[in-house]
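Student: After the structure tokens below, expect a handful of questions from me.
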């Protein structure tokens, strides 16, 4: 039987492991956290819920990796806006049978990633039940006013870029990916980002979020897709392409810039990860894939979508 | 078989029902919401997760009441800081078998309460699984700088007050209670609130949050407890007292003020609900109940606490 303990003890344990917040911020242990906004900075707010059996399973996940992923997917949303993460609220539905050490391990994985990205865990809610683990994180970020990068500002002629490699997340990196916070900041400092999104549903689906929200069309070229080298060599080329287009949870950044800025990025990639020019935004409608023979196929929303 | 539909369709349905946010606020449909902070205002942030089978069951709850409660408990946290609610992020784990109409009903109950309190639903996360309903809300509020009322500022000699009536929430009002947002604002405008908390764990437990955080003691008098008239008449007086002390989820406000301000509140209650003077803060340690014979018993943390 796993060791039982009480909610208040878990909260105290979490408090001891979360670095004291700066003076302007009241944290865990009151009805709400208090944050003093900074002049000239916008607030970015996002939330994601992860459920055992859907977003992770034990194994291959460990409790630490489940906690880590719950924060990482939220940081990826802040990265997609080119923001700087600030603080997080963490809610847990803990399986009663797994006891106290399990709960601490989940929080430890989350807190370790929070430290790496200077995020304060400023509040939350702990519960137990007989169901599986559910973790919800709500994250707050900040960005200089009017410098958040939305999905809706892609322009005719823009070049489309993606960071890193695509496909095969579930088999390789969905528990361990690095949210592209630093990369988004470096990109914003070097070029004028027009539209940006993180790839959570899959490239095909997320590109269509940009085209729909921006009222534009897009063409990307199959031969330029940075297909993840970790994909099984037993797959056919068509299967690998399909995975790079539609596997979810790559959490890479998909963005558009002017051709001039795009040229600059190709000549001098400021990141320590690959940066790939996939195609262009046009004034049409819909997103298309140009195949090696020059033919174009519509990119249906083939990304991961929850069937209710 | 309940009608199935897709995540994006549910999100679009939610968008059509959430009033367009003011110009300074970017809402559902991007990676994060964007909020422009207001000068001289602090941000209050809280989160609560509700799980089917733990915080509500169907019946007596309806999907609408479950959604309503998920927001209401968060608004109660904002009330406890005497803040004004601003916006909410909503995460759902939806039981696949219950289909689309169920999901919409949950959101409708939540959105109706949001409108009543002028809260914008600015983002969220929808998921389905084979488990029970889980709803997480993260709420943001605002308060004039340095006017948020924490738990840690109760002072020797303060009078202790509570709004409304206590006990029996599970049988009567845990699904339908009104978060004390308006009451907290009226109180803050009339008197200098020293410490405040909402009663979620139970009076005995929540009073001890105030005494512990403030480094003070407290005595409340049993004969002054505003015991809920809805409690079953089959209960003994001792059982009714115990329920008023330790039933959770009353979501009334427990607060302290100076004796002079307390006198003012007794003479001129600004609220349309009862306001009761329960006892006093002292310079000692621990919280005690003074019984009708004058003897004092320690109020152990007898409120509701999750056993992990």
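Counting starts with 1 at the first residue shown.
Cβ from N, Cα, C; glycine included.
According to TrEMBL, the protein carries these features:
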type	residues	note
DOMAIN	A:29-142	domain 'PurM-like N-terminal'
BINDING	A:48, A:77	Mg(2+) 2 binding site
BINDING	A:55, A:249, A:304	substrate binding site
DOMAIN	A:172-284	domain 'PurM-like C-terminal'
BINDING	A:201	Mg(2+) 5 binding site
Student: Measuring Cα to Cα, how far is residue A:77 (Mg(2+) 2 binding site) from residue A:201 (Mg(2+) 5 binding site) in Å?
Tutor: 12
Student: Reported as an integer number of Å, what is the Cα distance between residue A:249 (substrate binding site) and residue A:201 (Mg(2+) 5 binding site)?
Tutor: 6
Student: Against chain B, with Cβ pairs under 8 Å, which of the binding-site residues A:48, A:77, A:201, A:249 show up? Give them in sequence order, please.
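Tutor: Listed in sequence order, the binding-site residues near chain B are A:48, A:77.
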Student: Once the chains shown are all counted, how many other Cβ atoms turn up within 10 Å of the Cβ of residue A:55 (substrate binding site)?
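Tutor: By my count, 22.
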Student: Using DSSP, what is the helix/strand/coil residue split across the domain 'PurM-like C-terminal' (A:172-284)?
Tutor: 45 helix, 23 strand, 45 coil
Student: Give the mean pLDDT for the domain 'PurM-like N-terminal' (A:29-142) on the 0 to 100 scale.
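Tutor: Taking every residue in the domain 'PurM-like N-terminal' (A:29-142) and averaging pLDDT yields 94.
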Student: Cα distance, residue A:55 (substrate binding site) to the residue listed as 'Mg(2+) 5 binding site', nearest Å?
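Tutor: With the alpha carbons as reference points, the distance is 13 Å.
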Student: Looking only at C-alpha atoms, tell me how far residue A:48 (Mg(2+) 2 binding site) is from residue A:55 (substrate binding site), rounded to the nearest Å.
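Tutor: With the alpha carbons as reference points, the distance is 11 Å.
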Student: For the domain 'PurM-like N-terminal' (A:29-142), give the DSSP counts of helix residues, strand residues and coil residues.
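Tutor: Within the domain 'PurM-like N-terminal' (A:29-142) the tally stands at 39 helix, 47 strand, 28 coil.
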Student: Quick one: among the binding-site residues A:48, A:249, which has the most Cβ atoms sitting within 10 Å of its own Cβ?
Tutor: A:48
